[in-house]
Number of protein chains: 4
Amino acid sequence: MRVGLLTGGGDVPGLNAAIRAVVKRGEGEHGHTIVGFRHGWRGLADGDVMPLTRSHIRNVLPTGGTLLGTARYHPHADDGGLDAVRATLEEERIEALICIGGDGTLHAASKVAESGVRIVAVPKTIDNDVWGTDRSIGFDTAVNIATEAVDRIHTTAESHNRVMIVEVMGRHAGWIATTAGIAGGAELVLAPEEPFDIDRVVRFLQHRHRAHASFSIIVVAEGAVPLEGSSMQYETQLGPFGEIVAGAISERLGAEIADRTGFDTRVTILGHVQRGGTPTPADRILGSRLGVAAIDAVSAGESGVMTALRGDDVVLVPLTDIAGKVKQVPAEMLEVARALA
Amino acid sequence: MRVGLLTGGGDVPGLNAAIRAVVKRGEGEHGHTIVGFRHGWRGLADGDVMPLTRSHIRNVLPTGGTLLGTARYHPHADDGGLDAVRATLEEERIEALICIGGDGTLHAASKVAESGVRIVAVPKTIDNDVWGTDRSIGFDTAVNIATEAVDRIHTTAESHNRVMIVEVMGRHAGWIATTAGIAGGAELVLAPEEPFDIDRVVRFLQHRHRAHASFSIIVVAEGAVPLEGSSMQYETQLGPFGEIVAGAISERLGAEIADRTGFDTRVTILGHVQRGGTPTPADRILGSRLGVAAIDAVSAGESGVMTALRGDDVVLVPLTDIAGKVKQVPAEMLEVARALA
Amino acid sequence: MRVGLLTGGGDVPGLNAAIRAVVKRGEGEHGHTIVGFRHGWRGLADGDVMPLTRSHIRNVLPTGGTLLGTARYHPHADDGGLDAVRATLEEERIEALICIGGDGTLHAASKVAESGVRIVAVPKTIDNDVWGTDRSIGFDTAVNIATEAVDRIHTTAESHNRVMIVEVMGRHAGWIATTAGIAGGAELVLAPEEPFDIDRVVRFLQHRHRAHASFSIIVVAEGAVPLEGSSMQYETQLGPFGEIVAGAISERLGAEIADRTGFDTRVTILGHVQRGGTPTPADRILGSRLGVAAIDAVSAGESGVMTALRGDDVVLVPLTDIAGKVKQVPAEMLEVARALA
Amino acid sequence: MRVGLLTGGGDVPGLNAAIRAVVKRGEGEHGHTIVGFRHGWRGLADGDVMPLTRSHIRNVLPTGGTLLGTARYHPHADDGGLDAVRATLEEERIEALICIGGDGTLHAASKVAESGVRIVAVPKTIDNDVWGTDRSIGFDTAVNIATEAVDRIHTTAESHNRVMIVEVMGRHAGWIATTAGIAGGAELVLAPEEPFDIDRVVRFLQHRHRAHASFSIIVVAEGAVPLEGSSMQYETQLGPFGEIVAGAISERLGAEIADRTGFDTRVTILGHVQRGGTPTPADRILGSRLGVAAIDAVSAGESGVMTALRGDDVVLVPLTDIAGKVKQVPAEMLEVARALA
């Protein structure tokens, strides 16, 4: 069987572990030929293929990024993308497709599955907001990087009596902000799940600095927004690809806080470092397990499903079940972040 | 309310996060007084108390070990231990007890609960074999340390054409061995779940080194044993506390392999480094969440339960449900380790 | 003898190792009493003292920041600062002073020494540009953090075909930029030592991306400037304390490159994370050695000197020798960065 | 010009950085062809060559080990090794040779140079005991690994009231032991430079545990030995290659201490993990600089020299100057380790 493989959307650590798993298991157990598409859906539409054999995946387990390359393009019916995808699959005699990606890729996979292509998806996103799986590939590494940054900023905040704001990723859900906030002992976590009241933020800081402390750390998700009707005006700023502009909310928040409290306030925007570098063991294991499960699933004739982690187990979830849903941070974790500030 | 707190058994990274959570949440939300017992159950039996307030838990979040100290002692009815425990609780006017520990502590907690003491347990063990929870405190850090060691040994194995054996912890279950094996790309994982056939191990190595490779890495859990009736004789060696003697299985295995294959074979025993040092974010978060859940549970009148992680949620599990059970590595993970070798 | 101790300027990892060394050696070997001044020279001028005994330095070796706190204030003759300093020293019966800091502190120390106070300085700065010592405290940790960031960005640059610009600290010298550039395998290092020609930068990128590569990483020091008379206009932007505004050069450079090449170009500003967190072993050792040398030197009657690392040895350097000098990156290292791009 | 390149002796992190530097600089600046010999001097004697071009060194900068492989063999005149080396060099038309290695390699290089071959050496050894250079490749990474281990063991020692012994490498010099001891805050460092008196060790531990502490960490170099005539008998144990048997001194020392003090005493032997894995930035930079200097030196007609780090500079040192010398830890550093215990 010839099985196609692509990685779509932003790169995250752990993708190469998943690619390696598909190839090793596909060749070794099932005797398949794995065909890679370069630069995600763009390569699938354009017929940009590369062979994927054991020699291509040597030593990639501990590496970040994706050896297939990726792009933010997704195929649509009305721009001829879906037709181009089907044409390539036919030309390359691909009988099944495995696509590793986030929201956009899962949505595209759903559409492609509807057109009769056998397809299995693997969830990756450092935002960890894919519905139906406890974890997506890349999240654990991002949390480690963000926590390390909060740890580092802690010492300098304390030495200089500052309010330090750390902006992390998380557009629709505050997974990185909440976990790095808890792990790093932040005083305040601002997540998209709960629009914040700037007046309460300011009162909290003033109370804290008056009472006993001389510094504070605020971890803010890029997708955090002020409470509607509150005294801070803010419009989410979007970039050319519809992504949130890095630094927009944190710079604005820093200016508000400095202005209203007079405290020395500094902003750090983690940005791209969150999504690169050596994957943590957890991301290598997750990539490996979900990759093996994906190739096993297509070999067993499954289609239109996503491999997912549920507790200690790997399961298959119908793509139609997760469409349009965002997995947000549970209230219990938000409460833990608040309780331990 | 006066709530007692102790940590029992071996120390692991993340204990201080759990202690901090109990104290912060206990004081802040519930208005409790938290009383610490030094050196685990020994201190509870001996009345060795220390106050635990916010000032005692400053800056402990990123630290390893346990600020309460710990010991391997557990109270029994027939040695007067349980009576001593009850006497101390009465004398200190402790209305509820939170104990953080592994198998031994959970068993002791169950016994103490039966005698009418309000008690909630929190699971910790780098072996990750506590039934009823996806993760125990300390496991994630241990996996990170073990994987880093496998990564390091990979480069030296490859440069020198060696068989390298890495022994990790795991008496009844091979969680560290399997996960570090997958994450580190080991050629072979030997876990207690599946007694190994030395003849097959030797044939595998010979085949691999003849075919294409010049080195191999074997990750072996301390509790791994040869298949009964196979050609390798081995008796598990126990130390003074009933613990498995470090290095016993790996030294023996190394000698067998060197003898039977003639390959240059080296052994590394990770030992104590696996259980020390800065906890990973995942262990800090797990400790924080389970700690908050524990103090919330005792405040709500719960008793005889363990706080546990299940998927994205924190739940309570009756101690009677987990007694005598060991959570072993699922077959799917063992298969992933084998498939990706 | 009563010996005063302060840390001045920005905080760096390794300060606590130096403080610990002064206290342990001062108490243990010499029988001195060590008196700490909070928040650097500000505390010395204001008489803000704290005792420093063995109990204050427990467990601080692996911690970042400075337990004494610091501030960017330096005393001057004409603002009454020097008089205030002398008044505090007299009032506290301080016979000798050890001050740990960068340029500003070394300059202030020199002035205080001239007025007859026995004083020994210890160099710290992540910029590593203090004349007379191979290394200053904090530099090695900053290089590790910056290199890790370049490593991380490498994988995402490669996966997405981007030009990635990483801005690091270094106002008058490009030590972090050059070392992190070499260690991270950057394609281009822009350092204050050599003003850059934007036309050559653009030609280099175009040639590289045409020839074979699809991505490039540029490490730029905050103090890098375009060649005078070249086609890029840029004024160094200074903040309220005379510090270079973070992101000024890199944002400007990114815009120029994107504009002139059309390449997808992204900027990451490391900022405060460079100066925080657990010090590397090298910084703990350097802090420990220079701290011991400082207290030994004041005990031996030395004054007006700085402890310094030269090869494998610790030596004393007269403060008058280093005044007004900046240690820049040697031409050989700049050439290595260029040769290995 | 055709330039040969080999790596000899044990592998260390940073070798690939040096190989990469030789190839990039050799091809790019000098237009040389670089010929690699596999498995060190063994490959040079046997004619086991591999081409070394830019494509072979892609992505190797952050990797441990040596892509050329290595072996512990060194050529001698009386076993025909030197003749075989010269024959290979002639057959492959090699005009100059760069060899990266430790004591054995430097000695062999010296012999080969005497026979008229143009040769430049680059020092690597995690022991850091090569005379004439401040640092050898691999040392900084080993110190980082050893310090991390001491940090980890610190927390478990403290939680359990134990004496923990950590054995690190260092046969003739205690560089790793002393630096990791200072950086990790060990209570005692035992190095080959100063044979230890077991009676004083025991008295120190008894005094410390009686006075105030409940745990102690001892870092011991594999080459440490008891003082002659003291009450502890010990013969250094050598393995098949003349190397010190791992664990010999530490197991023996642990037994003595447990026996004489009754303290719970545990031993950890770091072993192979010290020499593997991702090199620190310092080792990547050192490898890069010494590699560039080596290819520049052979291109300039130099021979019989070693590239070396002296302060901030890279210099050339005649091989005849360093023969038979061991660079030991300066007394000042040993004193710092003692003073800060």
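Our numbering is plain: 1 for the first residue shown, then up by one each step along the chain.
Placement of Cβ uses the backbone N, Cα and C atoms for every residue, glycine included.
What TrEMBL says about this protein:
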- C:Asp127: active site, proton acceptor (ACT_SITE)
- C:Gly10, C:Arg72, C:Tyr73, C:Gly102, C:Asp103, C:Gly104, C:Thr105: ATP binding site (BINDING)
- C:Asp103: Mg(2+) binding site (BINDING)
- C:Thr125, C:Ile126, C:Asp127, C:Arg162, C:Met169, C:Gly170, C:Arg171, C:Glu222, C:Arg266, C:His272, C:Val273, C:Gln274, C:Arg275: substrate binding site (BINDING)
- C:2-298: domain 'Phosphofructokinase' (DOMAIN)
- C:Gly104: site 'Important for substrate specificity' (SITE)
Next on the checklist: Tell me which of the binding-site residues C:Tyr73, C:Gly104, C:Thr105 ends up closest to C:Arg171 (substrate binding site) in space, Cα to Cα.
Outcome noted: C:Gly104
Checklist entry - Far apart in sequence but close in space: which same-chain residues, 6 or more away, have a Cβ under 8 Å from C:Val273 (substrate binding site)? => result C:Ile145
Item to check | Taking residues C:Thr125, C:Ile126, C:Asp127, C:Arg162, C:Met169, C:Gly170, C:Arg171, C:Glu222, C:Arg266, C:His272, C:Val273, C:Gln274, C:Arg275, which bind substrate in the record, the widest Cα spacing (Å, whole number) | outcome: 32
Next on the checklist: Spatially, which candidate from the recorded positions C:Thr125, C:Asp127, C:Met169, C:Arg266, C:Arg275 is nearest to C:Tyr73 (ATP binding site), comparing Cα atoms?
Outcome noted: C:Thr125
Checklist entry - On the Cα atoms of C:Gly10, C:Arg72, C:Tyr73, C:Gly102, C:Asp103, C:Gly104, C:Thr105, which are listed as binding ATP, what is the maximum pairwise distance in Å? => result 12
Checklist outcome for this item: In the domain 'Phosphofructokinase' (C:2-298), averaged pLDDT is 94
Checklist entry - Reported as an integer number of Å, what is the Cα distance between C:Thr105 (ATP binding site) and C:Arg266 (substrate binding site)? => result 36
Checklist entry - Can you tell which of the binding-site residues (C:Gly10, C:Gly102, C:Gly104) has the fewest other C-beta atoms within 10 angstroms of its C-beta? => result C:Gly104
Checklist entry - Closest of the binding-site residues to C:Arg266 (substrate binding site), Cα to Cα, picking from C:Gly10, C:Arg72, C:Gly102, C:Asp103, C:Gly104? => result C:Gly10
Checklist outcome for this item: In three-state DSSP terms, C:Thr125 (substrate binding site) is classed as coil
Checklist entry - What same-chain residues, at least 6 away in sequence, bring their CB to under 8 Å of the CB of C:Met169 (substrate binding site)? => result C:Ile126, C:Asp127, C:Ala142, C:Ile176, C:Ala221, C:Glu222, C:Leu270, C:Gln274, C:Arg275
Checklist entry - For the binding-site residues C:Arg72, C:Arg171, C:Arg266, C:Arg275, which one has its C-beta crowded by the most other C-beta atoms within 10 angstroms? => result C:Arg275
Next on the checklist: What does the structure give for the C-alpha distance between C:Gly104 (ATP binding site) and C:Thr125 (substrate binding site)? Integer Å is fine.
Outcome noted: 11
Checklist outcome for this item: As a whole number of Å, the Cα atom of C:Asp103 (ATP binding site) is distant from the Cα atom of C:Thr125 (substrate binding site) by 8
Item to check | Rounded to the nearest Å - Cα separation of C:Thr125 (substrate binding site) and C:Gly102 (ATP binding site) | outcome: 5
Item to check | Chain A contacts among the binding-site residues C:Asp103, C:Gly104, C:Thr125, C:Arg171, C:Val273, C:Arg275 (Cβ under 8 Å) | outcome: C:Val273, C:Arg275
